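Quick notes on the structure that follows.
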Amino acid sequence: MSLPFYQRHHEHYDRAYRHKALSSTVSQYQKETKSKSALYAQGSAAYARGSSAYRHSSAAGFSLDSSAAYSHGSSALSTSSAAYSHASESINKLAAAYRLGSEAYSLGLKNSNLMIEDQSYKMSPKAKRAKQSLISEDKENEALDYSVPIFTGREVNLSGITDTEEERIKESAAYVAKRNLFAMGEGVSVKKVAKKTSEEEHHEKKSRKVAIRESAEHVAMKKTLEETQAFHKKLNKDKLLHAPEFVIEPRSHTIWEKENVRFNCSVAGWPEPRVTWYKNNVPIDVQAHPGKYIIQSRYGLHSLEITECEFDDTAQYHASAMNVKGEVSVYASLVVKRYKGEIDASLLHARNLSLSPFAVTPHGYASRFEISFVDKFDVAFGREGETMSLGCTVVINPDIKRFKPDIEWYRNGVLITPSKWVQMQWSGERASLTLTHANKEDEGLYTLRVAMGEYYEEYSGYVFVRDADAEIPGAPGAPLDVQCLDANKDYVIVSWKQPAVDGGNPILGYFIDRCEVGTSHWTQCNENPVKFARFPVTGLIEGRSYIFRVRAVNKAGVSLPSRVSEPVAALDPADRARLRSHPSAPWTGQIIVTEEEPAEGVVPGPPTDLQVIEATKNYVVLSWKPPGQRGHEGIMYFVEKCVAGTEDWQRVNTEIPVKSPRFAVFDLSEGKSYCFRVRCCNSAGIGEPSEATEATVVDDKLDIPKAPGRIMPTRNTDTSVVVTWTEPPDAKELVGYYIESSVEGSGRWEPCNNNPVKGTRFICHGLSNGEKYIFRVRAVNAAGLSEFSQESEPIEVKAAIGGGLLPGVCPELSGKAAGLTDRTTSWEGMHESSQPIFDTDALLNCNAKFNRETLPSSCGKLGSTGDSNTREMVKDAVTSAPQKVAAKQASKSRPKDLLTVEKVTKNKDTAAPSPPYDIVVLESVRDSMVLGWKQPEAIGGTEITGYYVNYREVIDGVPGKWKEANIKAVTERAYRIQDLKENMVYQFQVAAANLAGVGAPSKPSKPFKCEEWTIAVPGPPHDVKCTEVRKDSLVLLWKEPVYSGRSPIVGYYVDMKETEAKEEHWRSVNEKPLQKKYLKIGGLTQGVSYVFRVRATNQAGVGKPSDVTDAVIAETRPGTKEVVVDVDDNGVISLNFECDQMSPDSKFVWSKNYEPIQDDPRLNIDTKGGKSKLSFKDLGEDDLGIYSCIVTDTDGVSSSYTIDEEEMKRLLALSHERQFPTVPLISELAVEILEKGEVRFWLQAEKLSGNAKANFVFNDKEIFNGEKYKMKVDKNTGLVEMIMDKLEEKDEGTYTFQLQDGKATNQSSLVLIGDGPHFVDKLGWEVTDECNVLLKCKVANIKKETHIVWYKDDREIMVDEEHDFKDGVCTLLISEFSKKDAGTYEVILKDDRGKDTSELKLKDTAFADLMNEVCRKIALSATDLKIQSTAEGIRLYSYVTYYVEDLRVGWVHNDSQIKFTDRMRTGVTGEQIWLQINEPTPQDKGRYVMELFDGNTTHKKAVDLSGQAKWEAGIFGEAGIKKHSKYLWIQYSFLLFLQALNLSCTVWGDPTPEVSWLKNEKSFVSDANCILKYESGKNVSFSISTVSTQDSGKYSIVVKNKYGTETSDVTVSVYIPEEEREPKEGNSTVT
């Protein structure tokens, strides 16, 4: 056994080290003395009892009791005397032991540490530590069993004192012999039991001498130790330092509840390692759980004790030891069982919890179950009407009693519930699903999910269901998936899917049948077959429930009926919801509907919002809203139609009125245009008709889709082929696709699926091995089936070699042809409807593991299993969505040869991509590593579809054989390789794949060691790339590190240098850390080449830099285009980008803040050819940001556009102007009196088109050309005039000319009135910036005597000040407007010449509009959220000008609406809106948003409580001194930054307290760097502008008044991270 490095030069360092010859001699001696050690132990015990009895008798005097005790003691001494006679032999043996030591020395054996075990005298390599012995008067007569303390090398080194090795050995052997002779009682003479008192005193004195000698030796040894310590300080410490090493590792435990458990471990290392205990990778905080955890560390032995364990304590614990030389961890698990009672139900449904005892937590490893599947079901084939069964045996380890799994079955990702068609069983070991009567609706991917708490496993397999044999030869297959889309009182719209089999003749249409629930009588609903796969069924009885079925028909006959639909009631949705709690009679399905007793009412008004919601060749569906005026009784409707362009209205429903606001109109002529209108009726009569709809053509609005394109088959297994295709252009409402296959040359086509599949990829199973097949696809929507696509190239059915192994890395075949095919991809057999997409973060999570079990080999017609066995990696990491997979085809030559890749396209412009490069490690743990790499420089003319990773072991510099890391291609440029060996060195290589095949692999990477990263700083960011490159700027993008260190990442630093510059020329672009993962870098020099890198930082410091980017030249390439903003004539705001460098596979990718936009309801993206448009539906504050567009498969074509608040305002103003344009005027409306008393009104526009028109209005009523008024519009000059024959008193009032020219409008008004005062502008309102309401009007012809009087609801409003009519405007200010101010306001102008009035109604809608504006102003006045510490916890608050109830306030925490409780509540105090968090916990950390809704828009104010320092602020209460109180609450609200330290608190008291500061118990005052403030008698703050290591220390604040003094402390530590190469001033970290 080789010595550790530190013992090769310092053997004295480990006291346990012993020469083999000396060890063998000692072991021989141990055997001889073993038999007598037990006897000696008995004698010693007897002697001890005797001595105790003797002392007791002496203390009691000469009483009778003491005499008895003395007699008893004497007898005990007799017994001990006999024991001592035996012990003398042991003394002789000890002398022999001393001689053995001398002999070992004479033989030249060195470093012999002879140690004897204390009680049994068994020699052992290391002596136990002696307990401290204190000699008292009561124990003076006892023989002391003394042990010499042996100090391990961790504390001091006992060796190394003398000059030579020989002297050290002799000294050790002699000392051990002396110690044991003393322990045996050498020199103590006790000859007889019945000795006199003088003899016992003589023995007592001898024992005391031994104790004195022991003390002297102890003092000498202490002096020797001090000399040794001084000697070792002179040595080179680097030779003594070594990393921690666990000598004894903690072991796992399984216990019952309420028991205590202790984990023990022993660690060696120099300097002494610091040990930290973790639970599920989270440090254990003893203070946070008082009494729960007990952590002890003594003499290298460390322990963690957990008291009264609960079920939640089941977890993985580990101890981490760290010193300056490194860190090492050891792991142990704890399982807490329950032996009575039931398991907490919340644990059985732990998916809703963030942490579960059996979950894979975000913090790392946790206890979990191992779930495996045995006897799995394969791909299954069946026919309609047959019974099919699927099943799996489930093995769960460990098997915990009463903790049963949740068994769930899914079809195409949708949970299956038991029904008459599906039955599910669980026997405790086997899960099975039975299809009692298979139908084509049952076809799909079936997934069995076995869940234990939050952790679950899945297994999947595909089930195919073919059509049953037709009753009539040549008849089509039955339709499928019959559903009821829209049900109301008058009709139900039934939809279905067309069958894949048409019987050899085109399908002419479909018949729909209905059956009332509870009966068996089927009624055909349509006389003629309908081709459209939706049909409204009328003639239903209100309240009855019906089921439906559909049959297809061709010229050969009618198909079998489909599976029946779910029952549906002929009721309006509102009635159905209201009556849901009153179920109908189960035997009939009838719902009884009672009508209200009709009462005398009013004739209903016309319906509103009439529109055509669906139009086909056979029917038109109308929808409308009931009228507002309809009385208290129910109403019905009459529908009328007419041919467009005529007024010949005909009633459609002549006999029975319609009861629902929807109706299907039949018997329309195909190709004609119709208009429709609706009337309401009740007992009072028939109302006026609604507005007619626009002309609607009776034709199918939904077109049959075009044929799919680019059919491409690729090999999969021995009996299956993967078929991919492209979506047909301009496809709408696609239901799915049907795939057919045919053996080449046979001319016979067979369906591969009988239920339409979504997506553009499908695995066709059940093919014959070795045959060549061709494939074709057609699309399906409600209008019908498309034409078949072009036939694919023929492909031979055989397994793809190795599932996509890379060229040159094929492992050796063991003489078996299927050696490379028996290991299939774990997602094989999954189709587009349920293929998983893996989230990048989930893939890189250290707990994310693929289950790569070997699947059964393929056999027979059924082919390979086509199943999938998957393991959940992270919750919600697997989603049901299409997955891009590279088509890989390869052929095999002979074993051990290189693989060759087949061509998948005949296009000479495409080729396999070049190798990726720059492979780096992004994270490393004990058994896995995350790799990152760069995209190939040449992608081969088509999009890269995935990457393949290989790895090999490197042992002593010799590389092994390559192994494949992933069978299925990964689409991200980062991948976690699982199941590696800890501390093993590996090399990696990566190959890229596209439609042309798999490219050559990269060069092997440099060797990387698989070991757990324990550094505190973050790992390197990855996927750093440059975009939007221009002559003086570019945008840098990156992804966050996979390894974040020991604390969350707080920002990023970007470095840059010129490409040819040396390493020392790297410079930082940003001084402060960036929160975002992108940066626009400006100030570049045109034509200069640059490289960039990114570093992440957290609380511990700055981490490793990312891989350097490729060199980028700062230049604007010819033809570069930018994103252009545009506002069209309809006011729609859009961003537009064009590209003329696109390839056939190029796509436009829009991003917001450089995050791809996916299904944003506020945006609409439209791409046609080389142009793409991003339109805003309603531009608002939520749309602010940077919008960028990248064109894939190009040479970096990209651009961006920033919309900030100012740009948003400009665009909205422009949009309003475009949406509501105005006609520009040269002159406003004017008036003049002509010679004959005529009055001429006129205005002039700048220009008018031929379509311009004018309206003339007098006192809000339109006037027309006639005898009194002569009107004229000159479109050439823009002159609009009106001549009135004469002016009379009744003609006084307001005249308005309204112009309209296309969309542009304008108007001008003129008040024509006599000499009295009058209003120019009527009474209106506006909301001031102070959130007050200002009523104002504009007046004219005012004189000094004119009075103005205000009224509200006919009551005069008393105004304090007289109106001065300044600028001709009269105003009334209403402060803090609220609901009590609603009403009718009137203002009257009057004097001796007359009066004029103006009225404003602020009720209902008008009041709501005003309050919305008031609320908007109040919301805009809200201050930023602030944090206040209170005695109860934290208060977040904001101030507004004033608060009204109409302003709705909501609070959001981490994007989730807060549910208010007693601990977390909100309220309003005066102008303060607040959220109170009492007794805050770590779960309360995060981002808080206050939402103020004004009725139209939501205004937000946010504050972040994620930072550790900010959070600590919230845990503290308000400080202060209470009068007549002897206690003081004082805590701190402080902020920590990299450059500054801020401490603050609030103090209070009566009288106002005095405040002083201490540092390390010494008073200090303000200076230039340290600023102390005490403001308003309560706000105390202390700040250091630039921290340094000298600022570390203990800071105290002393608060004092006449009632008392209180002090509170805070400790500040400043350190410079070791990882920083060149620490800068102010970049220290404060903790």
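Each Cβ is built from the backbone N, Cα and C atoms, and glycine gets one as well.
Just so you know, TrEMBL annotations never went through curation; they're auto-generated.
Database features (TrEMBL):
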- 244-335: domain 'Ig-like' (DOMAIN)
- 362-460: domain 'Ig-like' (DOMAIN)
- 478-573: domain 'Fibronectin type-III' (DOMAIN)
- 606-700: domain 'Fibronectin type-III' (DOMAIN)
- 707-800: domain 'Fibronectin type-III' (DOMAIN)
- 915-1013: domain 'Fibronectin type-III' (DOMAIN)
- 1020-1119: domain 'Fibronectin type-III' (DOMAIN)
- 1118-1204: domain 'Ig-like' (DOMAIN)
- 1317-1403: domain 'Ig-like' (DOMAIN)
- 1539-1613: domain 'Ig-like' (DOMAIN)
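Counting C-beta pairs under 8 angstroms (sequence separation of 6 or more), the domain 'Fibronectin type-III' (1020-1119) fails to reach the domain 'Ig-like' (1317-1403), with fewer than 3 such pairs.
Residue counts for the domain 'Ig-like' (1317-1403) by DSSP state, with H, G and I taken as helix and E and B as strand, are 6 helix, 51 strand, 30 coil. Taking pairs at least six residues apart, the domain 'Ig-like' (362-460) and the domain 'Ig-like' (1317-1403) share fewer than three Cβ pairs below 8 Å and do not count as touching. Across the candidate stretches 244-335, 478-573, 707-800, 915-1013, the maximum count of CB pairs under 8 A to the domain 'Fibronectin type-III' (606-700) is reached by 478-573. Residue counts for the domain 'Ig-like' (1539-1613) under DSSP, helix first, then strand, then coil, are 3 helix, 44 strand, 28 coil.
Here the domain 'Fibronectin type-III' (478-573) lies next to the domain 'Fibronectin type-III' (707-800) in space: the count of CB pairs under 8 Å, restricted to residues six or more apart, reaches at least 3. DSSP places the residues of the domain 'Fibronectin type-III' (606-700) in helix, strand and coil in these numbers: 0 helix, 43 strand, 52 coil. Mean pLDDT, taken over the domain 'Fibronectin type-III' (606-700), works out to 83 on the 0 to 100 scale.
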